[in-house]
């Protein structure tokens with residue numbers, strides 16, 4: 001007879017494994033330790049040795065000593081699933097997914113915890129497809145999945161490309177009955193919002209049996225991020241109707257919607273709600289309110305809130321500094337930044353890009369260098385946005401050596417730093433260098449964006465290179481950026497400054513979107529080319545009022561304006577005074593211009609100097625030149641250029657350096673004889689030097705635009721049009737001379753000076769002798 005098996009009580013045997021029983025008077029702490037040991041023994045299959053090793057392993061992993069934990073794990077004589085799960089979790093937590101996967105692959109037996117740990121590791125590291133593959137494998141192994149597994153998996157689904165996988169997860173949720181689980185459903189709503197499937201997120205929300213604050217916050221955040229601001233506020237009202245308590249995320253989403261709607265009153269109501277619920281004391285909500293007031297141009301309200309916040313952080317300072325920067329209150333921004341430097345907040349999160357942008361826009365190299373020093377001290381130099389801002393700052397401040405050094409060391413040269421370099425060159429007048437930089441950018445296969453095109457088109461316009469402008473036009477069209485107003489307006493400006501009004505008008509007509517910038521560009525183009533009738537009525541009336549010489553009305557208009565006349569207005573008055581020889585008002589306009597602190601333009605000084613010289617007031621000429629020296633205003637040398645066979649030829653007055661100068665001078669002499677027969681008489685008043693009359697007349701023949709025209713005449717086929725560019729205003733004598741030349745040679749000659757285009761044909765100019 002077989003002996004009967006003795007049945008034993010597992011719990012009784014479990015108690016017998018204890019080293020000793022704690023006394024009844026043991027402290028609560030000792031009782032907790034005992035309970036923990038009991039639980040560990042159960043988990044490890046009642047093996048005291050494995051229990052001890054697992055206890056030590058857990059302590060090492062808790063302290064982050066993964067290397068020591070692995071050594072202990074390898075020495076454990078009897079490992080079990082709990083041991084391996086702990087080691088895998090340790091690797092996952094430290095970011096060593098490779099080692100975690102090795103242990104996982106080597107396991108003979110896995111439980112739901114094992115799968116959840118690995119799924120969570122890949123999901124949280126942004127490798128959702130790997131996490132989903134593990135989830136699918138666990139499903140095939142017929143493992144029992146729980147809500148934690150689904151929640152862990154869904155936490156990493158945040159890319160639109162993952163829609164297919166998310167739908168499959170959703171199907172599993174429904175099939176296994178977890179669609180009634182609040183936490184899982186919140187995870188689904190969150191994932192659908194993140195991958196911008198708001199309709200599915202709303203459907204899950206509508207079908208949920210139970211909703212909490214997290215549910216509403218998740219959907220409201222998704223709606224706000226997708227621009228559905230009214231829906232966001234609707235759910236806020238529904239949430240309040242259900243008496244659900246708001247959280248900091250509730251206020252963040254609601255304020256984001258208020259910003260999107262541009263509704264100041266709504267944001268203020270949300271502010272009141274935050275005060276009633278005491279969330280205004282929460283720094284996260286406080287920062288959201290700061291952002292709201294900042295983006296509604298309520299700088300005073302934002303600063304008042306900032307000063308009243310019981311707790312501020314680096315974000316609070318960042319928002320306020322950026323606000324002051326937007327409002328142009330640079331001293332306040334700098335003061336607040338200096339205050340921020342004295343705090344203990346994480347320096348790597350300081351608003352360095354904003355401060356560097358401020359230095360760049362104000363051309364303040366000193367501030368820029370101080371910020372650069374802070375960047376180096378805080379290791380923020382490793383931030384790509386900071387590096388790009390440094391390139392922009394140095395380039396715009398004209399320090400191209402430093403800008404190029406930082407640019408060269410960039411690990412990733414995206415469109416942003418390339419555009420910053422190009423913009424720096426163009427802004428400082430180095431147009432050819434800007435073009436060369438653009439060519440290098442395209443050679444390296446970096447795509448241009450609308451800002452790049454707007455900048456390089458500006459360079460093209462200033463170089464008046466029609467061939468470059470056409471090439472850029474093709475690039476803008478191919479890139480799909482013609483719909484951007486600034487790109488189209490810049491292109492229009494190129495054609496206008498190259499004298500091709502036909503292309504300028506066509507560009508304007510083809511622009512899908514127009515605003516004040518594009519209209520101004522076309523008006524300016526017509527004005528530069530002397531076609532006042534084509535401009536809008538208001539502009540035509542303004543032009544007719546300078547042209548009529550009605551200076552009393554002009555002065556009265558400026559006196560009645562609700563703001564002070566600016567540099568452009570006074571320069572227009574001064575220019576009109578030159579034409580109509582109104583010396584008294586010219587002196588008044590000049591005094592207004594000379595008293596402007598920021599005036600660095602030499603044009604008004606030269607206009608007054610020329611007016612004094614034309615009437616022989618040489619003493620006043622000397623005074624103007626002295627004032628220029630004292631204010632360090634430099635006179636720009638006059639030069640003209642012409643493009644022949646895709647090559648630019650530049651000429652200065654009395655230039656003798658050109659390789660074909662002998663032929664050019666011969667052409668000028670032959671033209672002079674023919675011009676005299678046509679009745680041309682030199683105007684010696686245009687030679688603004690106190691020298692003999694015959695020397696004045698002789699010098700007029702060799703002004704830069706005449707040299708350029710003569711070269712074009714001997715270098716191009718008869719009858720073909722000529723386009724000459726000049727960096728300064730053409731003098732009256734050259735204007736008269738070119739009218740006669742156009743009649744003699746029977747060619748259309750276009751001269752663009754600093755003011756406008758002059759289209760000469762058959763002895764007449766499009767400006768009707770006004771410029």
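Quick reminder: no glycine exception, Cβ is built from N, Cα and C everywhere.
Annotated features in TrEMBL:
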REPEAT    80-110  repeat 'PPR'
REPEAT    111-145  repeat 'PPR'
REPEAT    181-211  repeat 'PPR'
REPEAT    212-246  repeat 'PPR'
REPEAT    313-347  repeat 'PPR'
REPEAT    414-448  repeat 'PPR'
REPEAT    515-549  repeat 'PPR'
DOMAIN    679-771  domain 'DYW'
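Sequence-distant contacts of the repeat 'PPR' (414-448), counting only residues of its own chain at least 6 positions beyond either end whose CB sits under 8 Å from a CB of the stretch, comprise 384, 387-388, 391-392, 394-396, 398, 400, 403-404, 407, 455-456, 458-460, 462-463, 468, 475, 479. Tertiary neighbourhood of the repeat 'PPR' (111-145): same-chain residues 81, 84-85, 88-89, 91-92, 95, 97, 100-101, 104, 152-159, 162, 165, 168-169, 172, 176, selected by CB-CB distance under 8 Å and a gap of 6+ residues from either end. Per-residue pLDDT, averaged over the domain 'DYW' (679-771), rounds to 84. Packing against the repeat 'PPR' (313-347) from elsewhere in the chain are residues 283, 286-287, 290-291, 293-294, 297, 299, 302-303, 306, 354-355, 357-358, 362, 367, 374, 377-378, 380: each is 6 or more residues past its ends and has a CB under 8 Å from a CB in it.
Across the repeat 'PPR' (414-448), DSSP assigns 26 helix, 0 strand, 9 coil.
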